[in-house]
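Reading through the structure tokens given below for one structure.
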């Protein structure tokens, strides 16, 4: 192309006076007019945001996802003990664990995607407020009243989490289309760290101030991002809907469905572990809540770090599903040792459980790499606690490990 056709385009950032100003130099008016139309069309879909503002929004969204992630796992080290002290069975509190992810799964597709800013703000408010409200259950009457209030409050917290998650992911696509991969990585990492750190945070705060302190502290912290996000997030933008035909075509593909099935099983195991491990540990030893939380933290840390290793290995393999096979073998060994499962001549031992939990984290990392599906993760994680609570209530932890191992052997 000759120099007479060259076009210089300068977009002035929002830090300058005119946020949407565009200067165009061209020797041919026709080309200039065409380019102006293209730029105007681009600006309809992407708000011009300065680097500093984009960084602040990303950091605050990450902070929000961290808080939402911790809201699921915070109760793992101490809630089962508190629930049992109020006459609640493992079956009942297993459903309290399960309802959070189940409602996230149900409400995320229902919540509109047209106003991400609104749903980010209202989601954080609802989640933070009900988060703190859960701490008042310390003074709840025992029995069915405690179960009902736990179920209702946690359900509302889940709706708030679903609203924030929907608004957050939509805002990434709408506000940052040129940086989607980077932003998705940031929010996923933040959500993961929240789920990892939640049990440790909950255990320490519970030990310091009792049942209500973890919820009061994290409920307050969750709402801190609302005001800055209100001023930083641009106004709403419309989003386009994906084509149903593409989804149907994907779901009819056997390898994809196999990967999704593996994902479901992994998340069932995660949910089972969250809802039942504290009860099992308490059955043979007397650990503090912070020590129990540290065991959950070890599992989560090894899961988070191992996914990086598994990912690098998968990039160099022609068939990454071999990693799933390795992960299944490791998780079979892990649950066999955590019980220990009947038939193994070992007694429950805390160091054996720590080693098994580390192995479980590594195993889950191998299985989930390359086969992650967010929606199915939610519904599967809701199955695990409900299933675990019923099994613990009726046959105990050691026998409950048998069907868990059997599912993995079949796959």
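Cβ coordinates are placed from backbone N, Cα and C, and glycine is handled just like the others.
Owing to the predicted nature of the structure, the values given are computational and were not obtained by experimental measurement.
Within the chain carrying the transmembrane segment (55-79), a Cβ under 8 angstroms from the stretch's Cβ atoms is held by residues 49, 93, 96-97, 100-101, 120, 123-124, 127-128, 131, 157, 161, 164-165, 168, 171-172, 175, 183, 186-199, 201-203, 206, 211, 214-215, 218, 221-222, 224-225, 228-229, 232-233, 274-275, 277-278, 289-290, 292-293, 296, all 6 or more beyond its ends. Sequence annotations record features per position, and here TrEMBL assigns transmembrane segment to 55-79 (among others).
Annotation source TrEMBL lists domain 'Major facilitator superfamily (MFS) profile' at 57-411.
Positions annotated as transmembrane segment by TrEMBL: 91-111 (among others).
Marked as transmembrane segment by TrEMBL: 118-139 (among others).
Per TrEMBL, the feature transmembrane segment maps to 151-177 (among others).
Nonlocal intrachain contacts for the transmembrane segment (189-209), taken as residues 6+ away from its ends with a CB within less than 8 angstroms of a stretch CB, comprise 61-78, 217-218, 288-294, 296-297, 300-301, 303-304. Summarising the annotation, TrEMBL assigns transmembrane segment to 189-209 (among others).
The transmembrane segment annotation in TrEMBL covers 215-233 (among others).
The transmembrane segment annotation in TrEMBL covers 254-272 (among others).
Sequence-distant contacts of the transmembrane segment (292-310) (same chain, at least 6 residues past either end, Cβ-Cβ under 8 Å): 73, 76-78, 192-193, 195-197, 199-204, 273-274, 277-278, 281, 323, 353-354, 357-358, 360-362, 364-366, 368-369. Residues annotated as transmembrane segment in TrEMBL: 292-310 (among others).
Taken from TrEMBL, the feature transmembrane segment covers 322-344 (among others).
Feature annotation from TrEMBL assigns transmembrane segment to 350-374 (among others). For the transmembrane segment (350-374), the residues of the chain that approach it from at least six positions outside its boundaries are 259-260, 262-263, 265-266, 269-270, 273, 277, 280-281, 285, 287, 295-296, 298-307, 309-311, 314, 320, 323-324, 326-331, 333-335, 337-338, 340, judged by C-beta separation under 8 angstroms.
Residues 61, 64, 67-68, 71, 82, 111-112, 146, 149-150, 153-154, 156-157, 159-168, 170-171, 210-216, 218-223, 225-226, 229-230, 233, 236 of the same chain lie 6 or more positions beyond the ends of the transmembrane segment (118-139) yet place their CB under 8 Å from a CB of it. If you average pLDDT over the domain 'Major facilitator superfamily (MFS) profile' (57-411) in this model, you get 80.
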